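I have placed the structure first, in the form of structure tokens, so that the comments after it can refer back to it.
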Ligand SMILES: NC(=O)N[C@H]1NC(=O)NC1=O
Ligand SMILES: [Zn+2]
Ligand SMILES: [Zn+2]
């Protein structure tokens, strides 16, 4: 007996969109066919709806333990599910302690198991002070190591100097795990920041001027060189500029093992929007010019960007206020809106094919990080999916947001598509505004072997 049949939905598969029935047993997709006649315990009618693979957001900061007043695992993962997501990779910082060794990993894992509505993976931190702890983090099952090349905004997570990044990449290469970098030059951004602040220039325009595109390019270039030299798998998070993507794509063409991530906010906003958004739109790297955004969109459409992730990094409202733009928290709250942004700005407005959209949000994250059985609507894969009505539109209101604080640059914006339901391994976790706890959530580990020859 089957557990579930999803009837007559338009399935978004790598081969394109096709209308079919989808059958689930024991949490997996067991059959996809024009008409499934076997009996099932439950049926859902999906005629007129699209069925997307569940989003896998490889970049969020849910900040728990320690800073649940900024966000939280329950609120953050509920927001993800409300946006069609079924798994997230939590960053090793903004939580207290940061995920820098085995005990802090264990603490975060316990918090995740207690509160998450979806599956998850954990990034371990790579900082100058924890190189000797990388092997124990690998044994625990981190998905990779995250390093900052510039100030993280938090003293407890210091950036890597070149030497530490090089050594960390050597260790990561030996362990078979990727290194993710926040690529902005500390030397240059610190220089421009001090220059501006010394002159009392602290507006949003001054903040933009302190982090020009070339400060991102310089760090990307250096990370690529170090990855090439050490043989480490590199993932560049939140590339904000078309120029940055071009640089990394060139290196990939020469054989560097690098994956490229951008975020919905770089695709949805430009620097001119900062005047209106204020601190709600502050992030690092910052929003870019229309020209850089156009280039970035073309690269997304041409398949040069691998992954779109939210970099959801909110703070309490009081940290987003004041006169000094440099002093405010930098981070965008967006984990609930990724699919909505790509459907509207990508599919509707720029002709991004739905199967390419699903590759950016689900299949590529699963493939790059070795999540076997995740990220596709195909037989044998886990039954993680979202039912989406593309006939409907919606305008994002504060009461729709499931975040700890109802703050988001997308408030008031209209989007095509409404997520009706989200299912994790054959269990409904979200339906029409209501969130439900699944019987089990899992720590996802990559299948890359972490003990390879030295
Ligand atoms: N610490 C932290 O979450 N920083 C993030 N925020 C942001 O805008 N960029 C980041 O790297
Ligand atoms: Zn970052
Ligand atoms: Zn981040």
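Using the three backbone atoms N, Cα and C, a Cβ is placed for every residue, glycine included.
DSSP assigns residue 61 (Zn(2+) 1 binding site) to coil in the three-state reduction, placing it in neither a helix nor a strand. What TrEMBL lists as Zn(2+) 1 binding site is 59, 61, 146, 311.
The Zn(2+) 2 binding site annotation in TrEMBL covers 146, 182, 238. In three-state terms derived from DSSP, residue 238 (Zn(2+) 2 binding site) belongs to neither a helical nor a strand segment and is classed as coil. With a 10 A radius on its CB, residue 238 (Zn(2+) 2 binding site) counts 24 other CB atoms from all the protein chains.
Per-residue pLDDT, averaged along the domain 'Amidohydrolase-related' (51-429), amounts to 98 for this model. Annotation comment: TrEMBL describes 51-429 as domain 'Amidohydrolase-related'.
Annotation source TrEMBL lists N6-carboxylysine at 146. Every protein chain considered, the tally of other Cβ atoms within 10 Å of the Cβ of residue 146 (Zn(2+) 1 binding site) stands at 27.
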Could you state the whole-number distance in Å separating the C-alpha atoms of residue 182 (Zn(2+) 2 binding site) and residue 59 (Zn(2+) 1 binding site)?
11
Taking only C-alpha atoms and a 10 A limit, tell me which of 59, 61, 146 are near residue 238 (Zn(2+) 2 binding site). These are the binding-site residues.
59
Within 10 angstroms of the C-beta of residue 59 (Zn(2+) 1 binding site), what count of other C-beta atoms is obtained when all protein chains are considered?
26
Centre the Cβ atoms of 146, 182, 238, go out 8 Å, and tell me which other residues of that chain have a Cβ in range of the Zn(2+) 2 site.
59, 91, 147, 148, 180, 181, 183, 236, 237, 311
Which of these binding-site residues (59, 146, 182) have a C-beta closer than 6 Å to some atom of ligand 1?
182
